[in-house]
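One structure is given here, and the rest of the page talks about it.
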Amino acid sequence: MDRGVLPLPITLLFVIYSFVPTTGLAERVGCDLQPVDPTRGEVTFTTSQVSEGCVAQAANAVREVHVLFLDFPGMLSHLELTLQASKQNGTETQEVFLVLVSNKNVFVKFQAPEIPLHLAYDSSLVIFQGQPRVNITVLPSLTSRKQILDWAATKGAITSIAALDDPQSIVLQLGQDPKAPFLCLPEAHKDMGATLEWQPRAQTPVQSCRLEGVSGHKEAYILRILPGSEAGPRTVTVMMELSCTSGDAILILHGPPYVSWFIDINHSMQILTTGEYSVKIFPGSKVKGVELPDTPQGLIAEARKLNASIVTSFVELPLVSNVSLRASSCGGVFQTTPAPVVTTPPKDTCSPVLLMSLIQPKCGNQVMTLALNKKHVQTLQCTITGLTFWDSSCQAEDTDDHLVLSSAYSSCGMKVTAHVVSNEVIISFPSGSPPLRKKVQCIDMDSLSFQLGLYLSPHFLQASNTIELGQQAFVQVSVSPLTSEVTVQLDSCHLDLGPEGDMVELIQSRTAKGSCVTLLSPSPEGDPRFSFLLRVYMVPTPTAGTLSCNLALRPSTLSQEVYKTVSMRLNIVSPDLSGKGLVLPSVLGITFGAFLIGALLTAALWYIYSHTRGPSKREPVVAVAAPASSESSSTNHSIGSTQSTPCSTSSMA
């Protein structure tokens, strides 16, 4: 019975025993590898190996600092950047400072759900699709990587550094690696482990050849994984997808000794691997691998032993995490890459989606304004002949760096409701190309008023501008007038205790920061609310602070958000402890008084005892001195405590 037509479960578990090829056969297999037509097959992979990088753990750090150096060959590239939070052992991801350094223009599709984040980048090179809901820091003009790393180190302990060549997508896993060293020193060809995985944009070269003297149509797919910089146990996931439903095929996987395989295939195949492997439909069953030659010709010779007539796909890759092999057909059709044909690339490769993402209107002072960066338009290779509102007589003004389109609310076809202003923007191109149209809306901030109120009870009855240390505070952001056109959310809040104090984070990325900050239900009118408990242990104790909240506002008919910051000045007072407890001077005074009274009483009792008992022989008195440093040590510890966080557990006494 032909093995190639065995039922899938049987053939997936079929183990090929090791065959040791002779040297002559390995050198003379009669199979000249040639590049394959890209339309005949595709190989994609993700890897954690970067051209240069490092991973470190920042002990006791409140902020992670990650630095990505992006090197692109073309004038414009696209990148998908995803940040994933780690919640090992139930701990939340701490604050993150991410530095993006790019050598060319890049459009970034960014995802970072519910992660407190600061981004530092050069806005003239890095363009985000949609405004990221994070804190932005302008990257200073620095000329070398060392200068950038020195600057990044001032923001906190560096957790990871990675240099990537032409990435298409990056997944950065946040959190501390307990096995990493405490210092991040970049190394060439570094394996970033679970911290970072990325997919290169460059097409993976695939080779193929026909084995001389072998008849039939049995195909071989060979994947060779090259060793990485670090030898550690690793499982490589291989997804093999063939479009045909019948045929005889062989899959040969070769890798370093520490690599095992998890195989996901949709076709009956013979499997030959180094290292143990398991298949998706039987994940619990592991099959031992065999010893295979460590050369391309040796692996081809193994395919020949299994009666393969064609090596349909031969691929060599660096140490990868996942690899996907797709073949458009099978059954013995062999086709190498055709001779290149000289073609003239189209002059206009403008992306309408990316161009329209640059249209971001702003409203204020009864005027809608949008500015289109001319450099970004040129980077997109777009040629614009006109930028107007719905009323074509309202045209953009051409400045040195921007095309600026603006209009009062009363003209150019503006549609104005109580709090939202809308219009249509039309972008015209040279003759022959249809214009692009985009409906734009923005919130009229002048029509809304915002007030930040502090209350001392959960009933929110009487506002106050004074907070007592150790007392729970209740905060409400009031928006007037009431409207259903705009929804308001608390994006972030913090309490600034001044230049000599701390910045106390209360809310980050719409999530309570700490166990003593609580997001409350909105008011009956829909106003956002939260509460916090502040205990400050600083010398001297701060007497004032500034409470600031960043609000995210969104029109009910639009997904794009705008932001508004509201602040209020707070007075901070120490609690009146007359009926609640004793402060440190009182405690010391009472202690000294009690000691003095006790000493006098002891002396009096000893005097009475010594003069009233009989003249019997007295025993010697032995005095044991208490350590003199105990009291001063306690005092020093209380003075040295400096901390300000919501619901801090530090102590002053």
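Using the three backbone atoms N, Cα and C, a Cβ is placed for every residue, glycine included.
Bear in mind that the values here come from a model prediction, so they are computed numbers and not experimental data.
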Disulfide-bonded cysteine for C54 as listed in Swiss-Prot, from C31, C184: C184
Annotated residue, phosphoserine, per Swiss-Prot; candidates S48, S208, S644, S648: S644
Disulfide-linked residue for C549, taking Swiss-Prot as the record, within C493, C516: C493
Candidate cysteine (C363, C412) that Swiss-Prot pairs with C394 in a disulfide: C412
Residue carrying N-linked glycosylation site as stated in Swiss-Prot, selected out of N322, N636: N322
Whichever of C330, C350, C363 is disulfide-bonded to C442 when Swiss-Prot is consulted: C363
Summary of DSSP states over the region 'Essential for interaction with GDF2' (270-282), given as helix, strand and coil counts: 0 helix, 8 strand, 5 coil
Mean predicted confidence [pLDDT] for the region 'Required for interaction with GDF2' (27-337): 85
